[in-house]
Each structure stands twice: as C-alpha cells, then as structure tokens.
Amino acid sequence: MNNLRSEILKALLRVESGSYSNLLLDSELNKIDDPRDKNLFTEIFYGVIRNKLYLDYIIDNFSKTQLNKMDKEVLVGLRIGVYQLFFLDKVPARAAIYESVEAVKIMLPGRKKGAVSFTNGVLRNINRKKDKLNLPSKSNNSEKYLSIKYSYPLWLVKRFINQYGFKRAERILKAGNKRAEVIYRHNSLKMQKEEFEKLLKEDEIKYKKTFLSSFYKLKEVDNPAKTEVFKRGGAYIQGTSAGLASLLLDPKENMKILDLAAAPGGKTTHLAALMNNTGQITALDISQSRLNLIKENIDRLGVKNITLKKADAVKYQDDQKYDRILADLPCSGLGLISSKPEIKWEKSESVITKMAALQYKILNNNLDKLKIGGTLLYSTCTLSQEENQDLINTILKENDKFKLVDINKKLEKVSTLNLKNDNKYLELLPGEVDSEGFFYALIKKVESD
Ligand SMILES: C[S@@+](CC[C@H](N)C(=O)[O-])C[C@H]1O[C@@H](n2cnc3c(N)ncnc32)[C@H](O)[C@@H]1O
C-alpha cells in the first residue's frame, strides 16, 4: 500500500466527481492487507464524507484563503487532517498533520510547494486553536446550528424540522451520521437456518438478531460478499427496513406478482423465497445493467420463479392481473444517508419534485393491473412528504377503487417492532428505529372496474 492518506485523498476526489462511496470503498479495501489500515481507511473516508460541511466550517474559520480558491487536493487534504484532529483520538495530532501534508505532496508533486506549506500551516493553526471553535448559536440560529453540527445541507435540515419538529429532526440527523451495519438476510431457498448459523459460526462471524427473524446484524466482517455462507447463496445483504417490504406485501405460494422497479433484486428475491419458488414474479427495471445484477443474485440465491423484463414502468403494459404489486420506486434516497453519506451533497431539493412526478406516473400506469382484492405495496427509502404521504393521498383521492390498508397491524405480525402510529402508513425514521429510513403504504383494490 502506498501512503494511506494519499489513497484516501484520491478516493475522496473520485466521490466528489460522482463515484458511489460504497462501491469505491470495497475496491480500495481489496488493495489493503493490514486490517488496521482497512479500518483507518474506512473511518477517515466515510468520516470526511459525512462531516464535510462541519470540516469546511472549521477550515474556513482558521484559514485566510477562501475554500473555493484552494486546489481541490489541498481542500480534501485539509479535510482529512481536520477530521483526524477532531474525531480520531487514537491518531496523535503530529502524525495526523504530517500524514495529511504528505498526502497533498504526493498528489501535487513538485510543482506546488506553496500548496503543501499552506496545508501544513492551516492544520497547525487549527490544532493550536481547536478549543476556540464556536458553532452558530443554537437559540438564535437553530437551523444553521444543526446544519453545521451534524453536517447536512441547510435545505435538508429545514425540511426535516418542518416535517418532524426540531427534536425529531436532530435525532434523524444524528442517526444518519452513524456507520451503517452489515445485515444478512437468510435465504431459505439455499439452506436451512441451522446451516446458515453454523456457517457463520465456522467463519467466526458474530451477529446480533434484529427485529426481523431472518435478518442478522453482523459484527466486524471484513468482506461480507466473500464469506462461505454468502458464496453458497445462503445470504443476501439487505437492511432491515428494506427487508420489511416483502413481508408486508405478504405473498402466498402460487401467486402472480409484479415488481415495478426490481433491481438489484433484494426485495424480489426475498418474495421468491417467501413463495418457496412457486407462482410467478414479473420483475421490471428500466436499466439493463441493473437487470444484470438481479440475474446474478437470482443465480446465486437459487431463485426460479422470476421473469425479468427491461421496461419503463411509466409505460409498461401487459394483459395480466396480479395478486400483488410491489412498487419500490426510485426516490430521493434521504433515508439511506448512513450507508451512502454522499447523498447529503449530491442531491438538491429539486430532486424531490422530480421523483414525486415519476412515482405518480408509475403508480397511475400500473394500479389497474391489480386483481380485485389484491394489494399493492408502495415503498420508498426516503423521508420527504411529497414522495410519501402526499403522493399516496393524491393517488387515493383520484382512484376510488383503491383503499389504504392499515399497515401497522401487518407490522406486528411480521416483526418485533412496536411503533406508535396514528395513521395507516408506516414511516421508519433513523434514530427511532435501529435501521435505515423507509416509507410504506399498502393499498387494496376493492371493487370491479
Ligand atoms: C429503489 S431501486 C429498487 C430496489 C429494488 N426494489 C430492491 O429491493 O433491490 C429503484 C429502481 O428503479 C429503477 N427505475 C428507475 N426508473 C424506472 C422506470 N421508469 N421504470 C422501471 N424501473 C425504473 C432503477 O433502475 C432502480 O433499479
């Protein structure tokens, strides 16, 4: 491994230009042998992405040069240094500064002596005056305070406060900064639970049970896609909130199911397992490369009842009627910030209106494919009212043959979660459940057309 910090710096620059943090991290960790280096890489890499606004606030407070006038290598190098100074007790300040300056030196060889000494000067200055940092006032400017303290764009903080109030918003922001844990769903199509647990034990993988009986929270697994149980198809990596979808849809053997947006296949392969490979699942996705991911998962997991179709769900037509429809639609993703922290910086508020319009079109085009008495589960991994409650209310208002089913009764049957809820929707909020953010609504077709 070359200089660890310069590799982190390179990886962070790639995230800035649009690479997915989780995929990039996997490939970077494969190049590292020492588990301690792997750990440090992950800690600094995700730490900088998560806390970018806070780190920039600190740098801006102690540097005379404006952030937008700095070379991007210098700015990211400074973030790496400041993150270690403020968040990592185990790295001595001298080492944190030295290694970060070295990283900038490697990234800007020879030609930029000034940039290197500038990085060194700013980091030393910050280290000296660290204790004098003031955050915006909580009482006079509470939105800015939350935005800097938890490092979220101001629009998102305002939105969460509007939707949930200050206290709940703060809880959501805080939970979004926690590192997401790896969770395995046991795949019953390949092995019994006893064998699944035995293989985990043989690989010395420790786990905790979750609020879903087939979902296991793993403790410190280096590469969850390389374990024996995974290779043999006994496990699928899936969050517990996402895992609720197929359970709430409640498929029965031999049913006909339509999945409107299926890739990479987490929920659709879970449905297949719950149906014991019987019946017929038609799984759509607009993207061929993502359909290929479902195919890989189907093969590994031993699924036999899914037909894949490349289709735009806005226009999709077929002449069948379905017992169940899963509408796990593309969304703004605000519930997944703990596993994909770059969402904070990549999305702008306009994505919400765009996604809500797409979701509306997809639902409108497919509602009629439900049999009478059949149910459709609408789900998103986001926390915006427009894409969730508002959208479902509009759909129900415009379609009187469809009624909202109280999903919370189903929840009690399929999980150990006990959420107090005054309405028929289910909204899982990070910080209130130990899981990612999700929204669910269950709709039933009640009379003939
Ligand atoms: C939230 S993901 C689905 C996750 C999937 N249900 C799972 O559990 O693994 C949304 C998917 O919708 C697909 N998509 C986006 N627009 C679409 C459209 N108009 N029609 C069908 N699929 C679409 C994307 O390619 C993406 O794979």
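Any Cβ shown, glycine's included, is placed from N, Cα and C.
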Hey, TrEMBL has S-adenosyl-L-methionine bound by Ala261, Ala262, Ala263, Pro264, Gly265, Gly266, Lys267, Asp312, Asp328. Any idea which of Asp222, Asp250, Asp285, Asp299 it lists too?
Asp285
Return the residues near Ala263 (S-adenosyl-L-methionine binding site) by Cβ distance under 8 Å, restricted to its own chain and a separation of at least 6 in sequence.
Asp285, Ser287, Arg290, Leu291, Leu293, Ile294
Same chain, 6+ residues apart, C-beta under 8 Å of the C-beta of Asp312 (S-adenosyl-L-methionine binding site), given in sequence order:
Ile286
How far apart, in Å, are the two Cα atoms that lie farthest from each other among Ala261, Ala262, Ala263, Pro264, Gly265, Gly266, Lys267, Asp285, Asp312, Asp328, the residues recorded as binding S-adenosyl-L-methionine?
19
Cα separation, Ala261 (S-adenosyl-L-methionine binding site) to Cys381 (active site, nucleophile) (Å, whole number):
13
Which residues in the same chain, at least 6 apart in sequence, have a Cβ under 8 Å from the Cβ of Ala261 (S-adenosyl-L-methionine binding site)?
Leu284, Asp285, Ile286, Ala313, Ala327, Asp328, Leu329, Pro330, Ile362
Helix, strand or coil by DSSP: which one applies to Lys267 (S-adenosyl-L-methionine binding site)?
helix
Enumerate same-chain residues with a sequence separation of six or more from Lys267 (S-adenosyl-L-methionine binding site) and a Cβ-Cβ distance below 8 A; give 'none' if the list is empty.
Ala242, Ala245, Ser246, Asp259, Leu326, Asp328
